[in-house]
Each structure stands twice: as C-alpha cells, then as structure tokens.
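*Asks:* Next up is a structure, given as structure tokens.
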Amino acid sequence: MPGGYKGECGDDVDPMPFLAPPEKERIEAMNKPYDIKKSCWVKDEKEGFIAGEIQSEQGDQVTVKTVNNQTVTVKKDDVQQMNPPKFYQASDMADMTFLNEASVLNNLRQRYTNMRIYTYSGLFCVTVNPYKWLPIYGARVANMYKGKKRTEMPPHLFSISDNAYHDMLMNRENQSMLITGESGAGKTENTKKVIQYFANVGGTGKQSSDGKGQGSLEDQIIQANPVLEAFGNAKTIRNNNSSRFGKFIRIHFGTTGKLAGADIESYLLEKSRVISQQAAERGYHIFYQILSNKKPELIESLLLVPNPKEYHWVSQGVTVVENMDDGEELQITDVAFDVLGFSAEEKIGIYKLTGGIMHFGNMKFKQKPREEQAEVDTTEVADKVSHLMGLNSGELQKGITRPRVKVGNEFVQKGQNVEQCNNSIGALGKAIYDKMFKWLVVRINKTLDTKMQRQFFIGVLDIAGFEIFEFNSFEQLCINFTNEKLQQFFNHHMFVLEQEEYKREGIEWVFIDFGLDLQACIDLLEKPMGIFSILEEQCVFPKATDATFKAALYDNHLGKSNNFLKPKGGKGKGPEAHFELVHYAGTVAYNITGWLEKNKDPLNETVVGLFQKSSLGLLALLFKEEEAPAGSKKQKRGSSFMTVSNFYREQLNKLMATLHSTAPHFVRCIVPNEFKQSGVVDAHLIMHQLACNGVLEGIRICRKGFPNRMQYPEFKQRYQVLNPNVIPQGFVDNKKASELLLGSIDLDVNEYKIGHTKVFFRAGILAKLEDMRDERLAKIMTMLQCRLRGFLMRIEFKKMLERRIGLKVIQRNTRKFLELRFWGWWKLYNKVKPLLNVARQEEEMKAKEEELRNAMSKTQELLSRVKELEEKMATLSQEKNDLTIQLQAEQENVIDAEERLTQMMKTKMDLESQISDMRERLEEEEGTAASLSATKRKLEGEMSDLKRDLEGLETTLAKTEKEKQALDHRVRTLTGDLSLREDSIAKLQKEKRALEELHQKTLDDLQAEEDKVNHLTKTNSKLSTQIHELEDNWEQEKKIRAEVEKARRKAESDLKMTIDNLNDMERSKLDLEEVVKKRDMEINSVNSKYEDEQSLNSTLQRKLKEHQARIEELEEELEAERSMRAKVEKQRSDLSRDLEDLSDRLEEAGGATSAQIEQNRKREAELLKLRRELEEAALQSEAAASTLRKKHTDSMAELTEHVENLQRVKSKLEKDKQVMKAEIDDLNASMETVQKSKMNAEAHIRKLEDSLSEANAKVAELERNQAEINAVRTRLQAENGELSREYEESQSRLNQILRIKTSLTSQVDDYKRQLDEESKSRSAAMVSLANTKHDLDLVKEQLEEEQGGKSELQRLVSKLNTEVTTWRTKYETDAIQRTEELEETKRKLAARLQEAEETAEAAQARAASLEKNKQRLQAEVEDLTIDLEKANAAAAALDKKQRVFDKMLAEWQQKCEELQVEVDSSQKECRMYMTESFKIKTAYEESLEHLESVKKENKTLQEEIKELIDQLGEGGRSVHELQKLKKKLEIEKEELQVALEEAESSLEVEESKVIRIQLELAQVKADIDRRIHEKEEEFEATRKNHQRAIESLQASLEAEAKGRAEALRLKKKMETDLNEMEIQLDHANKNNSELVKTLKRLQQQIKDLQVQMDEDARQHEELREQYNLQERRLSLLQTELEEVRSGLEGSERSRKLLEQEVVEITERHNEVNIQNQSLLVVKRKLESDVQRISSEHEELISEFRSADERAKKAMTDAARMAEELRQEQDHCMHLEKIKKNYEITIKDLQAKMEEAEQLALKGGKRTIMKLEARIKELETELDGEQKQHVETVKTLRKNERRLKELVFQTEEDHKTNQRMQELVEKLQNKLKVYKRQIEEAEEQANQTLARYRKTVHELDDAEERAGMAETALNKLRTRHRVAGKGITSV
C-alpha cells in the first residue's frame, strides 16, 4: 500500500462488499455439502492445505479424495478437520469450531481473495496487504465505525482504533497500537489510516495557534506523514514505500476526548542508504522528488539537472518506482511543509542541504604523483557544494584532503589518500542527512505542540519490519533486534501476563507454556558480553578490526549459544556471511564489514568546524551542538563516547518502558506473497508468518482463557438491570452482588470465573450479556411508553367527560329558558335586573381599572427590579469568570517559573559537577606533579652522588695504574740489583699475580658501576622527559582550570542574576509554594554537594592511600639503594684491606713509600665522606617522609573539619525545611478553607440564580393572572390579593438577595484582605530568606579565604624548607668541589648578613611598636575593668527595678484577665439574646403569615357578604351587626396602630444606637489599622537596623581579614629575609622570644577581657530576655485593648539600643559604660511608659463598662420588642377567634339568605336603595381599614428588616474583632521572627570572634614555626663554620 491518500475516498462506492460477505454469498456457501465426519483438510505442497473427503480408514492411515479428484493416503495426524459452512469467512477466527492451521489459512485465503483484508484473531487483528487501493477508508466508513462495538461491525482497522479510543476515555488509561509485521506487510499505510481516524474522531476544527493561516491540528497531524515519508521512506526489494526508520507517534487528547497535540519519536534512520543502495533498491524519496523537474525553479536554484543518473549517491540502484509519481509526491511534500508551518527560509535550507548532498557524492579525488596525498580532481563540484551549504570552497577542499589532527598539545595537518577522502565525504553526507532528519522531527513536534491541557495519549508504533536480505549489515541487526523485542513484548503480554493474572485472581488455571520465549536471542544481543557489548568493547580498542570483532564473537558465543551459528559455506555467490542468528522469524546471515566504523560514526572535525561557521543558518544549527559534547566528554571522567548501538538501545529501552505503561492493541500485518501481486496467496509464507507472530497461540489462549474481565462495582452497576430483584436492599458487597446476579442469569458456570477483584468471562460472553442488557432496556422502555401513553389518554378522557358535563348543563339551561321565555315575571326580571347593576358596575369598573393600573405599575417596578438583579448577577458572574481566568493565568505563570527554576537548577548542578570534576583532576595533577618533582629532585641528588662516586673511582683507578707502573719499574730494578735473591723474586712475582687479579677484579667492578651509571642516566633522561610532559600537561590543566574558573564565576553571576529575577517574579505572583519548592531544591543541592564532598573525601583518602603506598615503595627503593651502597662499601672495605695487605707485603719486601701512605689516607678520607653523604641522604629521605606524613595528617584534619561544617549546614537546612513544611501545611489548610468558602459562595450564587428563575416564573404567572382579571370579573379581587402577596414575597426575596450580595461582597473583600496579608508575609519571608542567604554566602567566602590563606602558609613553609635543603646541599657540594667559590659565597653571605642586620633592626623597631601597643592595651584593659564594675552595679540596680516592674505587670495582667472573663460572659449573654430574638422573629413571621391568611378569608367573606347584601331586601339586622363588627375592627385597628408606632419608635432608637456603635467600631478599626501600619514601619526600620549592624560586622570582618592579609604579607617578607639573617640571628631570636612572651601575655589579657565581655554579653542577654518578656506582656495587652503603642515603641527603641551596643562590643571594648547609661535612660522611659499604659488601661476599662451598659440596654430593648411580638401573637389569636365568629355569622347569613331570597321579590326599591348606599359606605370604610392594615404590615416588616440588619451588623463586628485578633497574632509572630534574626546575627558575631581567636592561634603557630626555622638556620650556620674550618685545615 504505497504512500498517498488518493483512491481511498470511497464515499460513492458501497464499502460493505469489501468488509463482509453479502447474505447471498453466505447462503450459497452454507448450502455446500458438508459432513462433519468426512470433510477434512490434507497437506498440499503448493496450496498448503487442500479440501477433501475421507473415503476409508485403516489403522493410522486415512484415504482421502481431494477436490481435484485425486485420492491420497496420509497419516491420521496429517488430516485436519474442516469447520461447518456457517463459519464461511468468519470475522473472528476464535469463534471457529475447529481451530487448526488449515482452517485459519483457508479463512484468511477466502477473505483475501474477496479483498476482505481485515480479520479478527481473538484479541488482535490480522491484516493482509492487498497491493491495491480499496474504498474502505473514507469518511463514510469512519462514521460507520465511530462509537460502535467490535461485534456490531465487520472487522476493520477503524474498529480497533475506536476501541482504543473508547478504552482511553472509559478506563482513563493511556493506550498504544502496535502495528507489526515483516517488511512490505503494509505497516506504514495502516499507521497513516489509524492517525487519520484519530484526527477525525478527536478533531477540534480549530486553526493552529500561530495564526499564520495554517491548517487545523488534525490536518497538521495528518500532513506530518508526507514529510516523514519523503525523507525517511525508500524502495526496497520487498516494499516500494518501506520505512527506513522507526517512529512512535503519540496523539494526545484532553479530558473531553478532543485532540490536544501530538509528538513523534524517531528511531535509527538508515544513514547508509544516503550514499549506497543495492541493485533493486532506491534511496530516499526526496532525492527523486526534487529531480522529477516538477518545480524547475527548484532545480535551477539547487544547480541540479533532472536526471538521477548524473548523481552517484542516488543512482546505484533503480531510480523509478512503479505506480509512484515523484513530481506529484513533491507537491504533496511541499504543501505539507506549508500546513506544518515551515517558513520559506527553512524550506529553502532543507532543499539546499538535500541538493548539496547529491553534489557531495560527485566529488572526485586523485592521487598526487610520488605522494600519499590526494587532491580534488575538479573544483566545480566542490564549488557547487560550498555555494549550497554556505561554505568557503578552498577551506572545504583543504579540510577534506588535509584535515587538522591534534597530536599532543598541537594541531598538525594530516594527508589523506583517495580512499580516505571518499570515506570522509560519505560520513559527512550521512551525518548531514541524519541531523537534518532529526531536526525535521523536532520541528514537526514544535508545530504539533499546542500547549493545550493533555490528559491521555494513544501511541501508534511503526517500526521497520523484520528483514532478511542477501546482504544483511548493522542496520538489519538493529531492526531485527527491535522486532525481536516487540515480539517478546507481545508474547509476554498475551501469554505470560494473562495467565499470571488468572493465578493472581485465584482462578483455577493450569499454566500453559506456548514455547514462544525469545529471551535467549535477546540476551545474546544485549546482555553483558553479548554481541552489542563486544561491539562496544571493540570500538574502544585502538587497533580493533573486523577480524578481531569476528574472533571475539566466535570465542564468546560459538558453541555456547544455540542462537549463534557459523554460516554454511558453498554458496559461491553473493557477499560473504560472517555469522548467523536464529531469530523468531528465521535465521539471518550477517556481514560485519564496517560495523566498527558504523558504530563509532567518526566525522572529519575540520569540516565539522566549517559547518558550524556556515552562512546557511540550518547547517550551522544542525552542527552547533558538536561543541557541547566535546566539552562534556572532557568533563566526564572515565565515561566512553556514545556509540550508535548504545544510543539506539537506550531509545529502545525507553520505548519498551512506554509500551509497558500503556494498554496495548495489536495489529499483525501479513505479506501474502513475495511478488507484490494482489489476490495471490503464498500459503507457506503466510503460515510461517502466523507461526512466528503467535497468531494461532493467541487464538488458543483466547478460546481457553478468559479474555474479558470487569471490576465488580462496574459489573454490578452495568448489569444490575438484568435482574434487579435478586440484589437485596441495603449494603451488599459488590462481589456478593455480582455472584447473585450471575447466578440468576442463564449462564453456564464454566463461561465465567469469579476472581478476588474481577469477574472473568470467556470469549463472546460479554457480548451476550450486552445483548441481554439491550433487550432488557428495550422492554423497560416499552413498558414506560405504555404507561405514559395510558396516563395521557386518561387525562384526555377526563377532559372529554368535563366537556360532556358542560354540554349537558348548557342543554338543560337552554331547555329551561325555552320553557320560561314567555312567562311574564321572567320577562320583568330580565328587564329590571340589568338596570340595577348599571351604576354599580360602572363604579366597580373604575375601581377595578384603578387597581389594574396599580397592579401594572407594580409589575413594571418588579420587572425593572428583576432586570437590575439580572444585570448585577451578570456582573458578578463576569467578575467570577475574570477571577478564575486570573487564577489560571497565575497558575500557568507559576508552572512556567517552576520549569525555568528546575532547568536552572539542573544547569547549576551540572556546572557544579563539572567544576568539582575539574578540581579533582587539577588536584590529582598537582599531586602527581608534586610527587614527580619530589622524585625528580631526589633522583637528581642521587645522580649527583653517583657522579661524584664515579669520579672518585676514576681517580682511584688512575692512581692504581700509576702505582702499578711504579711497582713494575721497581721490580725490574730489584731483579737487576738482587739477582742472587731468587726466592724473594719468586715471592714478589706471586704477589704481582695476586695484584693483577685484584686489579682485574677492580676493573670488573668499575665496569659494573659504569653500566649501572649508564642505566641510571637513561632512567633519569626518561624521567626528565616524563617530567617535562607532565609539566606541560600541568600548564595546560592550569589554563583549563582558569577557563573553568572564569566560566564558573560567570555561571555564578548569571545564576545570582536569575535568582534575583526569580525572587522579583515570585514577589509579584503571590504564591508561597514557589518558595517552598525553591527551599527544597536548595536542600537537595546542598545534599548533593554534601554527597559530592563525601565522594571527594573518599577519593582523597584513596589517593592518600596510594601516595602512602608510593612512599612505601620509595622507602623500599631507598632501602635497596642503601643495601647496594652497603655492598659497595663492603667491597671498598675489602679492597682497602687488600691494599693494606699489599702495603704490608711491600713493606716486608722493601718498605712502603710515602706516596702510598698519602694515598691510603686520601682513600680513608673519601670513605668517611661517602659514609657521611649516605647518612645525610638517609636523613633527607626521612625528613621528606615526615613532611609527607604531616601533610597527610593536615589534609585529613582539614577534610574532617570541612565534612563537619557541611553536616552542620545540612542539619540547619533540614531544620529550615521542617519549618517551611509546617508553613506549607498551614498555607494548605488556609487554602482549603478559602476553597470551601468559595464553594459555599458559589452554592449561594446558584441558589440566588434559582430564586431569580423562580421570580421570573412568578412574574410570568402574574402576567397570566392579569389577563385572567380582564376575562373573569368575579375573581378579580381574589387574584389581586394573590398578586399583592406574591409581590411582597418577591420583595422579601429581593431583599434577601441583596443581603446575600452584600455578604458575598464582604466575603470577597475579606478574601482580598487575607490575600494581601499573605502576600505581605510572603514578601517579608522572602526578604529574610535573601538576607540569610547573603549572610551564608559571606560566611562561606570568609571560610574559603581563611582556608586559602592557611594552604598558602603551608605552601610557603614547605617552599622555605625545600629552599633550605637545596641551599644546604648546594652549599655542601660547592664547598667540597671548589674552594675558590667559597670566597664568593662568603662575600655573598656577608652582604646577606648585612641585610639581615637591617631586617633585624626593623624587627627591633617593630618590637618596640608592639611594646607600645601592649602598654596601650594594658591601659585600655584597666579602663574596661573599671567600666565593667560600673556596669555590673548598674545592672544590679536594674534587676531590682525590673522585679518591681514585673510585679506591676502581673497585677495588670490579672486585671486584664478578669476583664476578659467579663467580656466573654457578656458575649455569651449577647449570643443567647440573639438566639431568642431569632426565635421571636420566626414566630412573628409565622403570625404574619397567619394574619395574611386570615385577611384573605376576611376578604372572601366580605365579598360573600356583599353578594348576600345585594340580594337581601330587608337587611336591617345584618346592617346593625355589620356596624358592630366595624366598630370592633376600628378598635383593633387603633390598638394595632398604637403598638406599631411604639415598635417603630423603639426601633428608631435602636437604629440610632447601632449607627453610633458602627461609627465607634469604624473609628476603632481605623485606629487599629493605623497602629498596624506604624508597627510594620517600625518592623521595617528594625530590619534595616539589623541589616546595618550585619553590614558593620561584615566591614569589621573585612578589616580583620585585611589586617590578617597584612600580617601574612609581613610574615612572607620575614620568611624571605630569614635566609639572610645569619650573623645577628641570635639577637633577633632573643628579641623574637621576648616578643612572643609579650604577645602571649597580651593574648592572655585579651582572653581575660573576652571572658569579661562574654559575662557582660550574658548579662545583656538576660536584660534582653527581660525586655522580651515585657514586650510579650505588652503585646497581650495590645490584643485586648489595642492602646499600648507608645510602650512598644519604647521597648523597640531600647531593643535597637541594645543591638547597637552588641555591635559596638564586638568592635570596641571601651563603650560599655555608655551602653549602661543608655539602659538606665531606657529604664526610666519604660517606667513612664508603664504609668501611661496603666492610665490608658483604666480609660479602656471605663469604655468597656460603658459599652457593657449599652449592650444591656440593647438587650432590654430586644426583650421589650419580644414582648410586643408576644402581644401581636395574642392579637392574631384574637383575630382567629373573630374568624370563627365570622364563620358562625356566615352560616346564619346563609340561613337568612334563603329567607331573603323569598323576601327579595317583595321588597321595594326604596329599601334596596338605602341598603346599597349603606353598603357603599361600609365598603369605603373597609377599604380605608385595609389600607391602614397594609401600612401597619409594612411598618412591621420594616422594623423586622432593621432588626435583621442590626443582628447582621453585630455579627460583622464580631468577625472584624476576630480578624483583628488574628492580625495581632501575626504581628507577634513577626516580632518573634525578627528576634530570631537578631539572635542569629549575634551568633554570627560570636562566630567571627571565634574565627578571630583562631587566627591569633594560627599566628602563634606560624611564629613558632619561624622559631623552628631559625634554630635550623643556627644549626646550618654551625655546620657551615665546621665545614669552613675543615676547608681551612685542608
């Protein structure tokens, strides 16, 4: 299925024939003859299996007649049963009766020949490549499958996709679709269809967020495929559109299932295809698309010709693909670029790089004559490449032919031959294409990242299929390894995890081993010492080749692994195979040629550098990251470079982890034949793929197992409808309920299993349950429809009955009218009756019209009020939406800040790790350099000693030769003179022979010594060269260290700037969680630093151990050297003894000469000298060893001290972390309360909206009532009353809405105020955090400076020691070798002694100045002691006054507590009265409602009375009774009026009181706010004072550091001058010792002063604690009375004075007296403040009493109102009695009405007129009474409203008091924080004092070391004198 989307739109073609067989075809198949016992399948070589019919059976042999009329005899095991015809083209092969290979193959073959390519196979889907377009992928088919179950539609890829989409939404879990199969099986096309389906299902239809006219997100997701196919797909032997890379496409969805973005991960692009292809294959499509000449302007701009044969790299195989138009594909690719938002510059860059790669392949090189150097044949191609890639042509050619290579520390140009140049450009072309492809993927991901909220994703995997070619290389191994892992994942998921879940859930199950474990092959590839591991190892070896790689593979795996085979020989054609691997899909022979280079992937660094400077932006962007890895490789010690296989395996492991975290859906693609012909089936090929993919095993486990499962709650909820009666009412366990439900359904027990948490079903059972559920729901809906239709018909029948009754009444009245129409009286009645009602009707009409107008105006007002409320609700909802939008924006900003912070912290940690690594390496190099320099010096000394020994031996040899000649001459003279003494001559001859032997022996020894000396010189030269190299490396490391130090400083400065910016941002965002996260990150970083320090400590210890071992080795060498020297000395002693014997013999012979004696003396002197030198060398080695041990101990002590400091910092940070966690918990609790209140407010708003909707409905009802008033005149009054009642209800609701609105606005204001307070506290916390960080940084810097100074001192001391030793050795050697230089040395020493005298005089002057300082300090100490005594006396007096003040404060506190108790009791009484008032109010409301009902009844009775009066003729008595009733009503009305006026007056009084209280509360609140603001300003001033104090401390520390630096400088000067102090050193030592004593005495005095200072500080601390106690007590008074501002100001001023005193104590010791005096002043101020506070407290008590009296008065008023309400209730009861009397009178009137009907005809007009006039008067009076009654009701409601407002106001006041208390508590917390900061500052001051003492001790140590150096110089002087005497004696 090659690329593109054409031909798939089959909306005008019926797709069903391509999905499922038609009914006619199915019926024809079912009618075919079939015998279950005879129909079978037998094997066939061509068809795989062929149908047949069993003829006979004989034992194990079966005779079968095939459909080809052939009779065959086969074994019974080779015969497979045939399925019944009803399974013709089964959609799910798991449903077949007989599951065997023949049935599966036949089913797939039948469906494929009919182009039904999709078939279910249990839980997954099998698809066969049709090799042509089918109309089954259009929008029509997609809509058919959308939202459908799997069983409802024929098999299709869309069904699997829709199930994955449904599972994602239902199970809330990520999904993945694994589309696997061999190469050419159709994976890429199926992947495109899946992505297209998901894009359509979850499409939003929105344009991209860029606003550049791009397509929607779904269009961009779909259009990503053409770009990736153009650059990543190519033609292979088995597939015209083969993906030569792997991709995993994640399609992200939001919570509603809509698309939210996508991203793509690519795996292992086949780079080698860029430069080489096999014969029947082609390169990547993009090359041929560009060369198709569809865009001539593109060809022209890229300098190309439209013929692929002109370009070597793309024309090694075929250049045209059948059924693929490259020009059309180029247009599709270009359009896809536009849809994906690629800019024109990016497109041109991509095309230029692609064209440049094609030109790159045409570069030719030739060999220079008589040189191993290649050169470019023609520069035309290079010029084209340079033009397209933005390079310099000459530099490009030079970089390819003569690249720069680093050799040691220098770069040299290396010549390249032709083959190397071709390999270089090939590697560059592959690298450009690979990086461009990766950049394309990143760029597409950037477009598809929409920044929308992502909830879940569905991943679609498309990996290159399993490949078996004639030539299989490294790429095929990686592809096949990936497929092996995916097949193992499938097997593990389908067969292992499934059965493990059965066991886990407790289902009876026998584990089945399907034999599909591929772990052996995977282990062979990826485990340690596997193929990939060996490949990595060989890449590291410098001289590894393909042969060594092959040998390593054979040694490790041949014969040891069944999956590793040696290739079979004898093919004779094709490339050579080096080894074979047994994969799940077959055995593959691999050729390992070039694997090492492919894995290392080397590049020409010179050309890469040119690429980085390219003018083509895209090329420079692709290679700019080449610099970073180089640096990182240098910085990562011991880490190997990242190879291709290593990188690919990391990617694959991440992919497998992603797949394990998702729910997989498998689609297995099948290749039908190897000829790419549609409809042709290769049975053996298909069966091989089915066996390899585990299709049959998957069907078996699906049939045997329980593939479907559900959780018990879900099963109960979904299927309870099948039998709801079986589950009892009440609580029932879900598992028990499911068991009962399953037991009541007609299901076999074997068809399901009950697990611990789930119920499991066999295949198809869940679909059966779904069908049963659908049937049950259909029945329920049918029954419901029946009931509803019956109900509606009954209503219609009632209406019909009512109409029938109405018709009968009309008919009866008509008949009566026809009977009476001619009766005279009836005619008279008809004439008179209208005349009677004319006048009254006109008045009634006017009255009604007036009432109607009033009602209409009221309704208009009501409508306007409703509109206003709607507008207010709209504004409130708009404000709410704005707040939510602001909150979301703030949250997004916080998330962005967190991400930026995490990135910055990561970069910071990386930089710190790099810096620590560089420091470690630098320290190692310094240590090695130091050790090598020490060994160098030692070897130089030994070499000089050996040279001297050699010179001495040479002189000795010359002397012995001279002596030998003299002896020979002597013998000859003696033989001539003493010829008669032959015996003596013979004796002398013997002695001569002995001397010759001895001489020969000495010569041999000398030769051995010369050889040894030569060997030592050689080793010395080697060591010197190594030392030079190490020195060069050390210099380079110094440079690197300097660069790293600069980078570190820059990074630190950048980091500080970014941290400051982040702090500013955090202060503006009002979010405290950021601070907590930042603190956590800092703690983690400190922990990581602590771990790094621990690792550094361990490495240093390890290195120290190594140095100790090295020292031991050197000591062993020294011992060996000593033993060798002892041997030489022994030989020399033997030689001297022999010489002595010889001299004795010569004396016996003729006496020794004076020369021989002198020579013996010289030899003895030389021997003594050698012994002395050996002893000195031993002393030197021991001194060196002792210095090394001392350094080791010092370094260990420093490290332990550093570790302890880090531990202290860690503990402090952990405490801070705990504090911040507690603050976070508090903030979370407050946020929860805020959220709860917000939810309550939203609930109130919803209630208000409901009430508004009800009000709207009632307004509509009012309008209908008005319409009915016009229609029905008789019911006008009743409905008018109803309208007024509803109006009043709506008015009350409206008032209630307004009150709720005010409460909501007040809550919003409270929330805003709380938010402001939180922001202020957060900003204060941030400021304090920044201050502490700054202090910590300062302390760290000081500590580092001190450590640096200490190390500098140690280095100087060691340097002085080495200089002393070098001078000593040099002086001794010079004294021994040359006597002439001694005089010059003496002169130099005299000059230096003169200088030393000058320095000694300077030291004496300095000592005198120190003596003066001592005297001055002693005077200051005496003054300080006097001041201390005065301060102690003042402190004692202050203590006494403080105790008195404490007693006064305790008394006031007791009084305040009593007042608090009284206030609490009054508040309790107030609450009790409030509850009683609420009860009275509710009773009053009930009485009002009752009164309204009575009024309504009264109105109805009045109307009835009017009607009766109209009909009465003689109604005198009734008129009299009505007059009585009227009088009664008037009396009651007057009583009510009086009561209402009294209540109104009392309410007005209460209202004035409430207003006055509100004014007072507002004034108190303003005072409190003002005081809080002043307190905050005071706290800010305090903080600034603290900051100034800390800065002054810092300044003093800096001054102290400068003084220490000055002392160090002077000390260095003294140490440099020590070498010149030789003559007057004794005098200087004496002065120095006196100075040391003086310093010690001064230090002791300073220590005593320090003790006194500590005691004074302790006393001040006690005073400060007492003042803190006063402040706490005063703060308690402030919480209750809020009037103690002046006292707090005084205490704050005193606290400031105390802090200034602490600072002054650390700087100067002579200001204690001034501080004590200031304390006395503060004490007096405090006493005056306390008196003022007491007076103010009394005033506040009086105010509280007056407020209490006012509250009691309000309570009495409330009681009076309650009494009035009781009276009103009694009045209502009285009205109830009147109502009952009215009912009695109504009954009487009804009786009288019957009589009046008889008398009505008898009465005259005159009585009727009188009665009518009387009735009118009564009606007018009644109307007046009603109006007065309405006004009284209004006044009552008004009073009630005022009462509610008063209650609400009191509640608000109570809330404000609570808020003020909370504010005071927060202020107290702030005070505590500030006090804690003061304590920390004091701790820092103490630490600085401790450091000062420490520096004094170090100065003492330095002076002691100087004394030791001076004693050493004295010893040296004495030795020099002894040597001088010896020289003078010589």
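Please read every residue number as a count from 1 along the shown chain.
Glycine is no exception: its Cβ is also placed from the backbone N, Cα and C atoms.
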*Asks:* Would you please say which range out of 468-490, 537-559, 652-674 has the annotation region 'Actin-binding' in Swiss-Prot?
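*Replies:* Going through 468-490, 537-559, 652-674 one by one, Swiss-Prot flags 652-674 as region 'Actin-binding'.
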*Asks:* Using Swiss-Prot as the reference, determine which range in 940-961, 1006-1027, 1028-1049, 1116-1137 is annotated region 'Disordered'.
*Replies:* 1116-1137
*Asks:* Swiss-Prot tags one of 453-467, 753-767, 1428-1442 as region 'Actin-binding' - which one?
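*Replies:* It is 753-767 that Swiss-Prot annotates as region 'Actin-binding'.
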*Asks:* When DSSP is mapped onto helix/strand/coil, what comes out for E182 (ATP binding site)?
*Replies:* strand
*Asks:* Using the recorded ATP site (G181, E182, S183, G184, A185, G186, K187, T188) as reference, state which further residues of the same chain have their Cβ within 8 Å of the centre of those residues' Cβ atoms, listed in sequence order.
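*Replies:* Neighbours within 8 Å of the Cβ centroid, excluding G181, E182, S183, G184, A185, G186, K187, T188: N129, N239, S242, G465, C669, V671.
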*Asks:* Helix, strand, coil residue numbers for the region 'Actin-binding' (753-767) per DSSP?
*Replies:* 3 helix, 6 strand, 6 coil
*Asks:* In terms of DSSP three-state secondary structure, what is the assignment for K187 (ATP binding site)?
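*Replies:* K187 (ATP binding site) sits in a helix per DSSP.
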*Asks:* Let's check the environment of T188 (ATP binding site): how many other CB atoms sit within 10 Å of its CB?
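*Replies:* 26, counting other Cβ atoms within 10 Å of T188 (ATP binding site).
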*Asks:* Over all shown protein chains, what is the count of other CB atoms within 10 A of the CB belonging to K187 (ATP binding site)?
*Replies:* 28
*Asks:* Taking only same-chain residues 6+ apart in sequence, whose CB is under 8 Å from that of S183 (ATP binding site), what do you get?
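*Replies:* For S183 (ATP binding site), the qualifying residues are T236, R238, N239, S242, A464, G465, F466, E467, V671.
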*Asks:* Around the C-beta of E182 (ATP binding site), how many further C-beta atoms are within 10 angstroms, looking at every protein chain?
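*Replies:* A count of 24.
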*Asks:* Average pLDDT across the coiled coil (835-1921)?
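*Replies:* It averages 67.
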